């Protein structure tokens, strides 16, 4: 049986330099390889024509580019596209392409499933199977047909990015480095429930935007909706955020799904104003998308507008996020590959 080759895709410049040294290739070959990967986006090592034939053959013995196309796609009536990817371990993940008038955003996954078990999220109901490598995360960007149209990237797909932060930070380095994609960090937003072990490290090691899943300003209620609150509370998250400056390039936002009869009254808006006082941020209000076996409901637009207007009038910039891809289960909280995982015989935790 042939030994699987190691993917070059998802490797940082430092890692490529180590590979080059190990193979006895000239030092400058590392930047040639990263250029072929992240600028020209080749599919095979044979296409790296400024490497000598000898060095290409040496590289091919143990390595491959490692790009793999989606195995399935679903298209929404609103233009949103949901892509299904199979990982080398035969796990399944989803990514969502969201075109808009002057923007094109890709929502990527960082894990197969998720440990956080948020009450309102289908990925959380799926349970956790595996972390994704930098290769598997970057492949979602590398391998969609619309990759050259992308203006923005959000880590809001399957999984908790801070629970797989080593790999997420590698991807962010590749995307924002001169040797990689060369993107501005302002094009990228990472969303998290706010894990303590990852929050400060992310803020210190990355300049990308941060989105915190709040969903209620009341800790006792947040514990019911989001078990992660038990380990690290929303008030502790806010305490840490006060130590950072979000008034310049990096943007801080709070995600707030509005549930009927749960967190939709202006009492909650008032508490949000108190909680966020002194922090430069915005609140994104999100309509709840019903998922199976969850006894939560969304609210009407009138309620959303009243909530937004209260926040704005009291000094907290707020927006209502447009729902996209609901008809193909691609909207916020609706991603799940539980069906595919079950069909291949994976035991979900």
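Yeah, the Cβs are placed from backbone N, Cα and C, and that goes for glycine too.
Record check, Swiss-Prot: S-adenosyl-L-methionine site residues include 159, 160, 213, 214, 215, 289, and the candidate from 177, 191, 233 also listed there is 191. As a whole-number mean, the pLDDT of the domain 'Radical SAM core' (100-321) in this prediction is 96. Look at residue 159 (S-adenosyl-L-methionine binding site): DSSP puts it in coil.
Between the CA atoms of residue 332 (active site, S-methylcysteine intermediate) and residue 118 ([4Fe-4S] cluster binding site) there is a gap of 12 Å.
Residue 160 (S-adenosyl-L-methionine binding site) sits 6 Å from residue 114 ([4Fe-4S] cluster binding site), taking the C-alpha atoms as the reference points. Long-range C-beta contacts of residue 214 (S-adenosyl-L-methionine binding site), restricted to its own chain and to partners at least six residues apart, with a cutoff below 8 Å, comprise 222, 234, 254, 255, 256, 272, 283.
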